[in-house]
Amino acid sequence: MASNSDLVRAVESFLGVSLGDSVSDSLLLIATTSAAVVVGLLVFLWKKSSDRSKEVKPVVVPRDLMMEEEEEVDVAAGKTKVTIFFGTQTGTAEGFAKALAEEIKARYEKAAVKVVDLDDYAADDDLYEEKLKKESLVFFMLATYGDGEPIDNAARFYKWFTEGKDERGIWLQKLTYGVFGLGNRQYEHFNKIGKVVDEELAEQGAKRLVAVGLGDDDQSIEDDFSAWKESLWSELDQLLRDEDDANTVSTPYTAAILEYRVVIHDPTAASTYDNHSTVANGNTEFDIHHPCRVNVAVQKELHKPESDRSCIHLEFDISGTSITYDTGDHVGVYAENCNETVEETGKLLGQNLDLFFSLHTDKDDGTSLGGSLLPPFPGPCSLRTALARYADLLNPPRKAALLALATHASEPSDERLKFLSSPQGKDEYSKWVVGSQRSLVEVMAEFPSAKPPLGVFFAAIAPRLQPRYYSISSSPRFAPQRVHVTCALVYGPTPTGRIHKGVCSTWMKNAIPSEKSQDCSSAPIFIRPSNFKLPVDHSIPIIMVGPGTGLAPFRGFLQERYALKEDGVQLGPALLFFGCRNRQMDFIYEDELKSFVEQGSLSELIVAFSREGAEKEYVQHKMMDKAAHLWSLISQGGYLYVCGDAKGMARDVHRTLHSIVQEQENVDSTKAEAIVKKLQMDGRYLRDVW
C-alpha cells in the first residue's frame, strides 16, 4: 500500500498543484476525493460524448462550389467583373457555368470571373436586389425540371425575381446579361425558367447581350451550349478587349482537361467516410448537401406474381432523426451502383478496388491545379466505395468525357473517341452514344486502351452520381416515423442489347429491410418541399389523376384524409382516376384504395385497365366518361391534381381537360385555353410530373 507521501505526490501530479510537505489526513482526504470527482466527471463526459456520436447526424455530401463567406471580393483596377450564376439539378448547368468561366478567363485578361450557385448568392431575399445592383455583366445557366419548375438551388431566386417585379420596376439599366437554358423538348414547358428569366431581366431594364440559348437534352445539349457560346465572343470582344486589340482574332481555345491530384493512403487506416458514416456539420436541417442516412424498415413487391414487371413499396425509418415532411413532398435518395457495375469499371480502369485514396484540387506545393471543381467525396475512401456511391457510370457520357478518355487511349483505333467528341462527329455521337443509350461503362469497354488516371476519371469523365427523387406516398399524420416510396423497377434492354438497370430502383429492389434483418440496407436521404398540397379547406372537392406509380402522392393524400376524417373533420368529395395494365398483375395498393372508399376518405375510385379489353383504355378516357361530374366539381372550386409521366400521360390528360372545358362550357379552343390557364394560375390545377 502506498505511503501518504506517495499518495500526496500522485494527487499533486494529477491536480497540477503543490500541497506542501506537511499535509493533514483531512486535507488529503479532500484532495483525493476531489481527484476522484474530477476523474468520474471526465469518464461521464467521455461516455456521453461517445453515446452522442451514435446519434443520427447529417452525411456530408461535398458541394461542387464552396462560396466565400465574406462579402464582395474587390475587383482589381482595370478588371471587369463577370458573374456566372447557375441553377442545376444534375450538375450539367454547373459544369457549363464553369466551362464558360474558364474560357472567358482564357480569352480576356481583364475579366475577373466568378461562378456562383444561385442558392448561395444571397443569404436573405432582401439582399438579392442590393447585390444585383452591384453587378455589371452576368450570365445565367438555368435548368427547368418537371412541370416547368426551377430546380432547387434556383427556386428561391426565381420566386423573388418574378414575383416582386412590379414593386421594383425598371432598375437594372446598368446590367448586361446572357441566359442559357437547359431543358428537354419532349416536355410541355420546354426551358420555361430560362425563357422567363431572360424576359424578366429585359423588362426590368437590363441589356440582353445575346439571344437566350435553349439547350435540349433530348438531343445534344453540349452542341447547343457550344453554339450559344460562339455567339458570345463578338459581343464580349466589345466589352472585355481594349481598343488597341479590339480587332484582333482570339487564339482558338481548347478546354483544359481537369484533373485532381491523387493521394494514396494506407488502407488499414480506414476513414470514416469509407463507411459513409454520418458526420456532424453544424446543420440543423437535412438537404441535398447534408442528407441523413436512415435504415430501410419495410420493402415489399406490389405487383402480383403474374406480372413481368416490378414495383416496390419501401419505407425509410426516420425515427430518432429531425427529418420531417409534409404530404405531397418529395424525398431525395442517394443510392449506389450495383456490385456488377463497380467490378466492371474497376477492371476497365485497371485499378484495384481496394485502393484507398483521396482527391485534391491543389498541387504538391499547395498551388491550385486551375479548376474550381471540388472532389465528389469529402475524404479518403476505397475505389470500390467511390465508384459505388459517387460516380455516374450508367448514363451516356458527354462529349467532354469522350475527349478526356481519348487523351489517355494508346491504341490508334481509339482515335475515334476524338472524332465522336468533335463538331464533325456530331451525327455519329447522336446515333452511336445517345441514340443507342450507351453508358459510360459501355463506351469504356469499346475502347479498352483508354485507361485514364483516377484524378482525370473523377474530374473530367464520370459525373457525380445524383440523388433520385420520389413523390412521398405517405402522410405524416398516418406514418410520422416513416417515409414511404413507391418505385417502379427500371429494367430493360437498350438498342445495343445491354440490359439497363436503374441505379436507385435496382437498389430498392434488392434492399434488405430491418423487419427481416438487423443487417439492413440504408441510404442517405433528404426531403424536398413541394407545392403539391391538399386544399387548406378540407371541404373543397379534389380530383386526382395518377396511373401506375403516379398514385404515390395520392396515397399520401388519402392517408391524410383518412386521419382527418377519423378526427371528425368534414371532407369534401374526392375522385381518383387510377390506371394500370391488368387487375391481376399491377393493380397496386388495391385493398388500401378500396378501404379508403369504404371509410369515406375517397368518394369514388375510377380505374382504367389498358390490357384487359379489346381496346386499350387509359385514365384520360375515363375522365371523358365522367366529364360532366368532373367539371361540376371543378366549377364548385375543386382542385385537379395530376401525377406521372410528363411526356405521355400528363400531356394527354392536359389535352383531355381542354376538351372537357370546351364541351362543358361550350367555348372555343382559345377560351378553353384561358380557362385552364387560370386554373393553373390560381393553384387549382397542379401537376407532379417527371
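Just so it is clear, glycine is given a Cβ too, placed from its N, Cα and C backbone atoms.
Of the residues W233, W631, W690, Swiss-Prot puts just one in the FAD site with R468, Y469, Y470, S471, T486, C487, A488, G502, V503, C504, S505: W690. Among D266, D519, D645, D652, only D652 appears in Swiss-Prot as part of the NADP(+) site alongside R309, T549, S610, R611, K616, E617, Y618, V619, Q620.
Listed binding-site residues: R309, R468, K616; maximum Cβ neighbour count within 10 Å falls on R468. Non-local contacts of S505 (FAD binding site) by the CB criterion (under 8 A, 6+ apart in sequence, same chain) comprise I312, C487, A488, L489, V490, Y491. Sequence-distant contacts of N184 (FMN binding site), defined by Cβ-Cβ distance under 8 angstroms and a gap of at least six in the same chain, are F190, D216, D217, D218. Comparing CA positions across the binding-site residues G91, A143, G146, the one lying closest to V503 (FAD binding site) turns out to be G91. Within 10 Å of the C-beta atom of Q620 (NADP(+) binding site) sit 23 other C-beta atoms, taking all shown protein chains into account. Over all protein chains present, the Cβ of Y470 (FAD binding site) has 25 other Cβ atoms lying within 10 Å. Put plainly, the binding-site residues Y187, F190, Y618 were compared by Cβ crowding within 10 Å, and the winner is Y187. Note on the domain 'Flavodoxin-like' (82-233): its mean pLDDT in the predicted model is 92.
When the record's NADP(+)-binding residues R309, T549, S610, R611, K616, E617, Y618, V619, Q620, D652 are compared pairwise by CA position, the greatest distance found is 24 Å.
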